Ligand SMILES: N=CN[C@@H](CCC(=O)O)C(=O)O
Ligand SMILES: [Zn+2]
C-alpha cells in the first residue's frame, strides 16, 4: 500500500484505543454515553499537533511516512484515552483550608462556615493579599499535578477577588498560565461567587457592582469566555443570578451556573431558561430541573468529589438524569475548600461508586461531554482526525481498570499537541 500521509507523531500498539469518537457536534445523552468507540490494537498519527489519522496499528503503519524527528510511542498494549477535560475548576487561589476539616467532621455545614465569614471568604482574604505572580506560581504547581494525572484541558474560574481589581488579577493570572504551561485553560469570570464582607449588609449593592462595573470592564478585555454565578441559599438568589447572567449574555459571555448544590433553588431551571452552556453541581436538583435540562442544550456537570469532601448526604442523581436524557459531564471542582481534589481519576472512581455511572459513561463524561461543557468539543474530547493530539496512556489493559484501581495515578504518559509532556 502506498504511504499517503506524513506524520511527526505516531502512537502504535494501544491495547484499547478509546476514541470516544462521533459526538463533536452534540453531547452524548442516554445510551450514547456508553458508546466509547474502542479500537483494539489502535494507532494514532499526528502532524503539527493535530490528529491526522486514527485506525489499527497495521493500517497506520501501512499509510504513514514518518518525518525525520518524529515522536514514536509504542503503547505496549496499554489503554489510551483522549486527554481528559476538567470543565469546572477554581485552580487559581492563595492559601489552603485544612482547618475546615474538623468543622466538617463535627457536622458544620459548608454554608454555615461561609456565613460565619470562613470558607470562600477565607480564600478571598488570602487571594486579595497575593500578587498575580504568587497566584501564577501556585496554580502552575496544581496544573502540573493535574497534567501528571491526565488532564490536558481545564476550565479556570476567578471568584476569590470580589473586587474589580482582584478579579482582574485572577483573570490575568489565568491568561499568563495559558501562555506558560501545557494544560489548555478556558477562563470563566465568577465575580458573583460570594457576597464579600464589605457588602454583607447590602448584597444587592454587590450585585449592582458586578453588573455595572465588573462585567463592562472585563468584557472588552477578552479575559473570560464564560460568566458564572454561585446561585445558592444565602449567596445569590435565582433573581440576582438571572440579573447578572442576562447582562453577561448581553455583553457576549457564555453562561454557567453553580446550581442546586446544597438547596433546591431552581438554578438548573434557570440555566435551561437562559441557554447556559452548563449547570454545575446539581446535588439537590428538582425533577422539573432534570426535565428542563434534558430538554435543553445545557450540560449537567456533576462534581462527586465535592459531595465526598463536604461530607454531603446526597450525591447528584446521575442515573435519573441519564435516564431522562440530560447530557452529563464530570469534573473535579478543584478548589481549596469543597474539593481539594485535582485528580480526574479520583473523580472517575467516585462517580462509579456513588453516582452509579458505568466506566464507559464516566469516560464519556470526562472527555467529549466535558469538552462540550466548556465549548471546546470541536478541538478536544475525542481521538478524531482534525482534533488536537492530546492523549493519555494509562498503565492498564482494560479501560475499566482505571476506575477499579481508584486512588492510584495510573498515567504512564501524557501527550499534548503531539509531544510527550509526562513520562517521556
Ligand atoms: N460552591 C461554590 N464554589 C466552589 C467552592 C469554593 C470554595 O469553597 O472555595 C464549588 O464549586 O464547590
Ligand atoms: Zn465551583
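Heads up, residue numbers simply count up from 1 along the chain you see.
Using the three backbone atoms N, Cα and C, a Cβ is placed for every residue, glycine included.
Remember, TrEMBL labels are computer predictions, not curated facts.
Since this is a predicted model, take the numbers as computed values, not measurements.
Per TrEMBL, domain 'Amidohydrolase-related' is recorded for 79-421. If you look up TrEMBL, you'll see 88, 90, 258, 333 marked as Zn(2+) binding site. Sequence annotations record features per position, and here TrEMBL assigns Fe(3+) binding site to 88, 90, 258, 333. Taken from TrEMBL, the feature 4-imidazolone-5-propanoate binding site applies to 97, 160, 193, 261, 338. The N-formimidoyl-L-glutamate binding site annotation in TrEMBL covers 160, 335, 337.
Taking the features listed in TrEMBL, we show where each one sits on the structure.
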{"residue": "90", "record": "Zn(2+) binding site", "Cβ contacts under 8 Å, 6 or more apart": "156, 157, 159, 160, 190, 333, 334, 335, 336"}
{"residue": "97", "record": "4-imidazolone-5-propanoate binding site", "Cβ contacts under 8 Å, 6 or more apart": "118, 119, 122, 123, 336, 337, 340"}
{"residue": "193", "record": "4-imidazolone-5-propanoate binding site", "Cβ contacts under 8 Å, 6 or more apart": "120, 157, 158, 159, 160, 162, 228, 230"}
{"residue": "258", "record": "Zn(2+) binding site", "Cβ contacts under 8 Å, 6 or more apart": "228, 229, 230, 231, 232, 267, 280, 281"}
{"residue": "261", "record": "4-imidazolone-5-propanoate binding site", "Cβ contacts under 8 Å, 6 or more apart": "232, 267, 281, 282, 283, 284, 306"}
{"residue": "338", "record": "4-imidazolone-5-propanoate binding site", "Cβ contacts under 8 Å, 6 or more apart": "110, 306, 309, 310"}
Entries of 97, 333, 337 (binding-site residues) sitting next to ligand 2, with Cβ under 6 Å as the cut-off:
333
So which binding-site residues out of 160, 258, 337, 338 are up against ligand 1, CB under 6 A?
258, 337, 338
Inside 10 Å of the Cβ of residue 160 (4-imidazolone-5-propanoate binding site), count up the other Cβ atoms and send me the figure.
30
I'd like the Cβ neighbour count for residue 333 (Zn(2+) binding site), meaning other Cβ atoms within 10 Å of its Cβ, all protein chains included.
30
Tally every other Cβ atom lying within 10 Å of the Cβ atom of residue 88 (Zn(2+) binding site).
30
